Each structure stands twice: as structure tokens, then as C-alpha cells.
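What follows is a set of notes on a single structure, which appears directly below.
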Ligand code: C2E
Ligand code: MG
Ligand code: MG
């Protein structure tokens, strides 16, 4: 299984985690509780205040009722006594005083009653007060009658009336008032007990809601804890795992490598670090699309995982880069056995997007403790070794050597120098002749870039072309070289060699750049070179990247009057079947097929099919890399009309081409007397 769970993370790595789930949960729970408690307390306090207000109001009303009722009772009683005394006294002054008091008592009674009526009264209190009113309205005329009798000096009759009617009547009024007082007390009791109940209720609610707040807080904390743990786990997984393959990513890998080193130090064993990079992966991506590229990466990941033990590590560092770590090793040869297995596993055919695909990888190896005692150095050195493996021809491995670092530094320096090379006119063109076997004359020259480095001398494109492509400088460089080549060839034309053609290489980046066609037009216009004398060399990879778009663009180029060739044919992913779709004029047979042509019947057969198909498709052919007369002889026999290679001439500066323009190669070929019948047609 590819997945490596977070359980493999060391404590050191856990240290750099963000606040853990339980801390977040605790905080969330605490905040929720705090908010709820503040809310509950505010509501509770308000309820308590309302209940207390109610209680105060009840007490206040009751006290006022009681005072007023007492006032009424006192005045009613006093009035009874006053009226009795009035009936008994004969002294006019005392009588006058008593009459005043009688009247004062009446007023005080009436005022108290009036005030009582304004207070909140229960129905029964209302009823009792109405009854008292009715009784008073009966008692009052009797009392007035008594006063009239007194004023008329009928004291005996007055006294009699007082005793028989006024006092009993007034007693009834007082009795009604006593009932009213009792009733008021009862009402007050009920109201106060209700207010007290409200109070108790408010307190109970407060307790209940506080409990609920506590519960909700715990609930929120649990929920947040579960959620945060899940988010944490997911984040941890994403931060340590490569999403495409499920392999550990660089961070987890470095951590696990460090653990391996600690173990190796303890057990005195070796650790092998293998830096793996797929060869020409970009080509798969460009040709078959990113989905296929991703599938290939996943397949490679599975195969690498399958070649090592469960306790060893495979990680993806990004793109097409993997790294494998094997521990508990006692001899380097054991590491190399594993590497051989990995090379074979990656090189086995793949079934992707319903087609069979081949891939390979380059592996750089560093070994603990020889090539470094820490993870950073070991990885860096394995990377450096991988770079050398790649340069050494791909599909191979390379053990790290300390001298490699010096080379890496040199490359870095070269990259910096290259940055200034174009501005300083250090990028120059050499030209390599293509000779017609039939005439023995120079048919065309191919322009090949060289870097005239101020310290290192003349450098071949193998050293710097990739750098130019990586940085995108190739577009500007290519445009300038095209102008130089056209200008140079126009000069040869002006010197009378009007048949001469110039072939210029165009890389994929240059081809797809929107400035290509305007660049060709400018180069032709500025130099005055006839378009038919210019040939652009493309690689088959360009067509495979996007066949339709490439065909359209080539047709646009051809509309300018120039010719187009396919360079290094047979080395890419295309097949002979694709050839009929390429709207080209010339097909250059790669030197790989030419190399063994005199010994290898397979190469002979291949060249024969290429030539035959080219003939049917009306394409011209040029054989590259002809180094010997024997090769040339074979190609001649097979019917290849034009050759290019060291046997004719190496790429040389323009001045040397001038002297070759009139050169006749036929004697050198010793072919003058037996020309192949097919060649005469060209
Ligand atoms: P290419 O276009 O296939 O060029 C032929 C290469 O084979 C040249 O290498 C040439 O020197 C070499 N060669 C020619 N005859 C022989 C032979 O008989 N034997 C052997 N072993 N090699 C032979 P060079 O000049 O190093 O160029 C390498 C590649 O760099 C070229 O391959 C071409 O793809 C690219 N290149 C060169 N100049 C330019 C340029 O100006 N622009 C672009 N985009 N690419 C260029
Ligand atoms: Mg070429
Ligand atoms: Mg070539």
C-alpha cells in the first residue's frame, strides 16, 4: 500500500503543529459557556428585579390601604363619640368645638376614602367599599338629623336618636371597614406570596439555564473537538502526503530519512539515498497529455514501492522526481542490486490511455555515512549524482563522487555566463555541408550554433542548448541566429552560388512562439535571401505535441515559400505511420541508423523503408552522421541522395565554407564512374 499514515511522523515534527484540537475545543466550549452564562445572568437579574419590584409594590399598596382604612375607622369611631358628646353637652362653646371636630372627622374620612378608591382594589375590596359607602349614606342623614335636634335644643330626642340609630349605623360602617381591612390584608398576603413565588421561580430558572449553558458548552466543546481533530488530521495528511501518489512528500520524507540515519548510526549500518528522475517525462506530458503523465507517475510510484521493503521509504519530491531510502544495509553492492531492480521495474512497458508506453529513469545514489552525515547533504549529493547519470545517457544509475560538486558549480557559472553571451555576440554559427552524391557538389549547409566562450573556448550546443531552452533565451537567440544564417547565405548567393540552401534548426519553444513567422519574414526581407533557399529543421516531437496545430503552423511557414524538414527522424515517439501527416519537404535520417549501416541488417531494412516511404510521399532525404566511406557507400547503394557528416566535413566557420563551395567531392567518393541509377533523378 502506498499510503503512509501520519502515525509515522516523529515527535519532532508534531512539535511544529498548530494549536491542537482539544485546545481549540476547550476555548470554544469556554467561550460558549461564558456567553450563555452572561446572557442567563442578565435575564435572571432582570426577572429578579421585576419580582422584587412587584413585592415592593404589594407592600407599599398594602401599607397605604391599611393606613387609609385605619384613618377611616378612627374618624368613623371619633364621629360616633363626638355625636354622642354633642347630644349630652349644653355648653355652646364646647358644642361649637364638637361640631367642628364632627365636620373634620367627616372630611378626613371622605379624603381617606377618596384616596383608597384610587388604589388597586380587588373585586371583593371594591364590594366592601361600596357596602361601606351605602351604609355611610344611610348613617349620614341620621347624624345630620341628630345635629338638627341638638341645634333645636331637643337634646333628649337627639340622644335617643344617637343611641338607637346613629351609633348602631356607624358601627355597621366601622364593621364594613374592618372587613375591608381584613380583606386588604388577605390580598396583600396573596400578592406577596405570588411575588415571592416569582422570585423563587426566577432563581430556579437561573439555575436551570446555568446548567443548560454548562451542558451546551460541553456539547459545543465536544463538537468542535471532533471537527477540529478531523480538520487537523486532514491538514496533517495533506502537509505530509503527495496528493497524486499518496507517497510521503518532501517534508515527511526528510523527517523519516533523519530517523533512518539515527537508526543507522546506532547499528553502524549504511543508508542508501536514491534520487530518481524519469527520462524525457516532459515528452510524455506534451505528447500524450497531463492525465497520461499523471498516470505514468502513479504507475512508477507503485513499481518503486514494490521493489523495496515495507520499512524503506519512497517519496515524491514533485514533478517526475522520486527519492528512495533503503536502510539496514551492510554493503554498497546491496544498494546497487536494489537500484538495478528499480531501473528494470521502471523500464517495463506501461499500458496508458490504451497504448503501450516505455519509460526509463536516471538514478543518483548517495550513501550514508560516506557521502554525507545529514539528510540535506545526502539528498543534495544524490541529486547531483542523478544529474550526472542523466548526462551520461539516461536509463542508468550513478554513485555520488565529491568531484561532481565542482562540476555542478561549473554548470552554475556557465548558466551565469550564458546570460551575457548573446549580448556579447559570443553565440556564433558554424556550417556543415550537405553533399549531393550524384553531383559531388555542396547542396546545402546546416547552421549549427557554437558558443565562443572567452575562457573555455568553443562550446558545443550539448553544453548550453538545454540551458537556453530552460530559460526561454532560445527564442531571442534563435531569431538572431536565423538572421545571421540568412544574411550569410545571401552573401554566398551574391558570390554566385545561387543553388546553395541553408538549413536552420528550430527547437520546440521557438516553433510555438508567436514571433516565429514574423521572425522568418524579417530575416528573409533583411537579407534578401530567396525563401526557397531557407529550410527549417523541426523534430518529430513538435508534431507529436499537437499534431493539428503543428501541421497548421508548418503550412503557414511553407506559405512563405521556405522548405521544412524533420530532423533526427526515428528517435522520437512518432512512427512511420505518422509521416504521411507531416506536411514536410525533407526527412533527415538520424545518425543512429547510419552508424552501423554496413554491419546491421536491421538498420539497413529501416533505412530502406524510410527511403521507400519518403519516395512515395515525395520527400527528399538527407542521411546524417556519415563518418566513413563505407557508410557512404552503403547509403549510396540504398539510394540515399544527400549526405551530411564528418566524412564530408565537420561543421566549420563561414569562411571555410566559401572554399568548399566550388569543391568537387566525387573523386573522394570514388563514385564518378558508377553512379547509382536512382541518384540521376535528383
Ligand atoms: P542536429 O540538428 O541533428 O545536428 C547534427 C549534429 O550532429 C551536430 O551536432 C553535428 O555537429 C553532429 N554531427 C554532424 N555530423 C556528424 C558525424 O558524422 N558524426 C557525429 N558523431 N556527429 C555529427 P551539434 O552541432 O553538437 O548540434 C547538436 C544539436 O543541437 C543539433 O542536432 C540540433 O538539434 C541542435 N542545434 C544546433 N544548433 C542549433 C541552433 O542554432 N538552434 C537550435 N534550436 N538547435 C540547434
Ligand atoms: Mg539539425
Ligand atoms: Mg540531426
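Using the three backbone atoms N, Cα and C, a Cβ is placed for every residue, glycine included.
Worth saying up front: this structure is predicted, and the values here are computed from it rather than measured.
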Annotated range (TrEMBL: transmembrane segment) out of 205-228, 229-252, 253-276: 205-228
Stretch carrying transmembrane segment according to TrEMBL (options 20-45, 46-71): 20-45
Contacting positions for the transmembrane segment (20-45) when only residues 6+ beyond its ends and CB under 8 Å are counted: 202-203, 205-206, 209-210, 212-214, 216-218, 220-222, 224-225, 228-229, 231-232
Residues of the domain 'GGDEF' (269-402) by DSSP state, where helix covers H, G and I: 59 helix, 41 strand, 34 coil
